[in-house]
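As written in TrEMBL, here are the features:
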{"type": "DOMAIN", "residues": "23-69", "note": "domain 'RING-type'"}
{"type": "REPEAT", "residues": "110-154", "note": "repeat 'NHL'"}
{"type": "REPEAT", "residues": "158-201", "note": "repeat 'NHL'"}
{"type": "REPEAT", "residues": "209-242", "note": "repeat 'NHL'"}
{"type": "REPEAT", "residues": "245-297", "note": "repeat 'NHL'"}
{"type": "REPEAT", "residues": "358-390", "note": "repeat 'NHL'"}
Amino acid sequence: MGEEEAGVRPELVREAEVSLLECKVCFERFGHRQQRRPRNLPCGHVVCLACVAALAHPRSLAFECPFCRRACRACDTSDCLPVLHLLELLGSTLRASPAALNAAPCGPRVLTCHHAFGGWGTLVNPTGLALCPKTGRVVVVHDGKRRVKIFDSGGGGAHQFGEKGDAAHDVKYPQDVAVTNDCHVVVTDAGDRSLKVFDFFGQIKLVVGKQFSLPWGVEITPQNQVLMTDTEAGTLHLLEVDFPEGVLRRTERLQAQLCSPRGVAVSWLTGAIAVIEHPWALGTSGNNTRVKVFSATMQLIGQVDSFGLNLLFPSKITVSAVTFDPQGNVIVADTSGPAIICLGRPEAFPALKPVVTHELSRPVALTFTKENSLLVLDSASHSVKVFKVLEGNGG
């Protein structure tokens, strides 16, 4: 039996490499790494990511399928999971070396809920969560009388600000929040379609409005710049701000033609940027979501949508929030599970591993602390839940 398998396998491998495992445009072998990843076109044909990039218009991202001439856009392509799985079965990059194999599983181990804070009344329908890098305090935006609530690192209430109103320093409908390296609080406000910067005590420093359609997700880069998604415009922006002076120095549009982008995250290890898209806004499935990851130079290095995730996971996944763990793995919140799931590193998408499957109702935001605890904002229980590795848990 073993000899027959040994005799047949090389022949099958050669046939598969010729007919299935090479791009028919450049004739290079598909692989798991970036430019060689097989990409599904909307018409069903498969080409490598490098050819998609070469064929697409640099601004509109539009191109024609080289085989059937159907029009499409680069952002409409997705990983061809059957080919990626076949690469693994036939000895792909992930199986080629023991080092790669050991690096394949997601970093986080299974986490358990250590404690929770907030609760109805303290928080009301919370939408955004952030951690102050210097103090470890937790900042939450919600629908309470004062929209911005700050907790100490143990979960005790510290102070709050941002009343609902029409003044510049008021906050009408907060969507997300981030905290800068020098402890300024940045809030996206859907009420007046603006981005607002406060100091840590609630004094308004800057209001950036009128140039955005609907600001949504917000994040701070390692360089203390602001990343912000505009869900109506379909764009991702970088804002350079002098926070102590309250002056906007520069605004740059990093990415356009995104599909209703909302959540955004940046890896402090690699500088990679993850964005959550909601293609349902363009008329597709109501719960469809897509995670796109760009390199620090804004090259697309990985993406996966609900359909692709559902091929690998036993239940439907609807991504509501995204972050990176300290090892550079992409971690997402799933409201359908509900669960917290590790997708692995962007260049090896997706390598699914659930890290939290219990004690969640509707996770809408998440972030890691310096101690590697995971904070999850649960809008259904109006609370922040702290998850840690169970002592003695090997993985």
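Backbone N, Cα and C define each Cβ position, glycine as well.
Counted with DSSP, the repeat 'NHL' (245-297) comes out as 4 helix, 22 strand, 27 coil. Each residue of the repeat 'NHL' (358-390) gets a DSSP state, and the totals for helix, strand and coil are 0 helix, 18 strand, 15 coil. Packing against the repeat 'NHL' (358-390) from elsewhere in the chain are residues 108-131, 136, 138, 140, 142, 151, 155, 176, 263, 320-321, 323, 325-326, 331, 333-335, 337-340: each is 6 or more residues past its ends and has a CB under 8 Å from a CB in it. When the repeat 'NHL' (158-201) is classified with DSSP, helix, strand and coil residues number 0 helix, 22 strand, 22 coil. In terms of DSSP secondary structure, the domain 'RING-type' (23-69) contains 10 helix, 10 strand, 27 coil.
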